[in-house]
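Take a look at the structure below.
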Amino acid sequence: MAISRCCVALLLLVVLVAAGSAAAAADQLRVDYYRETCPNVEAIVRDEMEKIIGAAPSLAGPLLRLHFHDCFVRGCDASVLLSSTAGNVAERDAKPNKSLRGFGSVERVKARLEAACPGTVSCADVLTLMARDAVVLARGPTWPVALGRRDGRVSAAGEAAASLPPADGDIATLLRIFAANDLDIKDLAVLSGAHTLGTAHCPSYAGRLYNFTGKNDADPSLDGEYAGRLRARCASATDESGMISEMDPGSYKTFDTSYYRHVAKRRGLFSSDASLLTDATTRDYVRRIATGKFDAEFFSDFGESMTKMGNVQVLTGEEGEIRKKCYVINS
């Protein structure tokens, strides 16, 4: 018994030290971090983003998703941007990341910043700013972004597969993954609203449409009429045709609250969307925002939760590096 208590105490101490260390790193981030070294960083990013989203509005969702997939694996260190090498399969080539897009856009923005301020602005900060601007340019909210992140040197596909919130995750699984990143149940309800932007391929949701319980049926938590429309796009649970569906039908290029109205009607595309209705706290949030009376509240909540997520396990000071190109570590 004494040994068990000792081990528990030691584990708690390790957790507290790790949490304190992460908080200390986040405290080093500042909105004016580049005031002296690259004062026009935000203007440069916004200028390029206006051109990128102006030419391809559908990229807003993928660029926001890139930031999410980065922060949930090793924290917000731009490790998702690194390419695989002969001796290492990187995060971007993990199965959950196979459909990620926008890497070229990140390199484009980074190149502009390297021309203006060589070796100064990290890819992690670039990605964080681009995610914020993607939301703004999709008619969503804005929020101040504290800067000063540094780039990681490690990227492993296995870690991505183990760390990312799965599209078929239940509420317990999602809460566990969020908690591991110092994000709470409200953050889960709020950040799920990012599914107002973007599209998804059949393999990420078609398992809900065919033989869900072994009786050649669809997921009972999915609205029947909506399931029928989705089956018209995905021929089987393993459909690899490349067909896509809008995550927020009719509004997938605009950041708004219609996602919550779909979820409230049992028309969320993923099992993870449907899981929000299985917990009282997340269900209440979904139904509240779905009324359309609290858009400003959601916009404010989203900025706050994005700020929390953007601070997850950041590298600062002398940790990591400032990559010259986001897809490869400095030699």
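A Cβ is built for glycine as well, from the same backbone N, Cα and C atoms used for every other residue.
Curation plays no part in TrEMBL annotations; they are all automatic predictions.
Only one of CYS6, CYS7, CYS38, CYS202 is recorded by TrEMBL as the disulfide partner of CYS117: CYS38. Long-range Cβ contacts of VAL73 (Ca(2+) 1 binding site) within its own chain (separation 6+, distance under 8 Å): SER79, VAL80, GLU91, GLU159, ALA160, SER163, LEU164.
For PRO165 (substrate binding site), the recorded positions whose C-alpha atoms fall inside a 10 Å radius of its own C-alpha are HIS69, out of HIS69, CYS117, CYS326. Within 10 Å of the C-beta atom of THR196 (Ca(2+) 2 binding site) sit 28 other C-beta atoms, taking all shown protein chains into account. In the set HIS69, ASP70, GLY75, CYS117, CYS202, none of the recorded positions has a C-alpha within 10 Å of the C-alpha of ASP248 (Ca(2+) 2 binding site).
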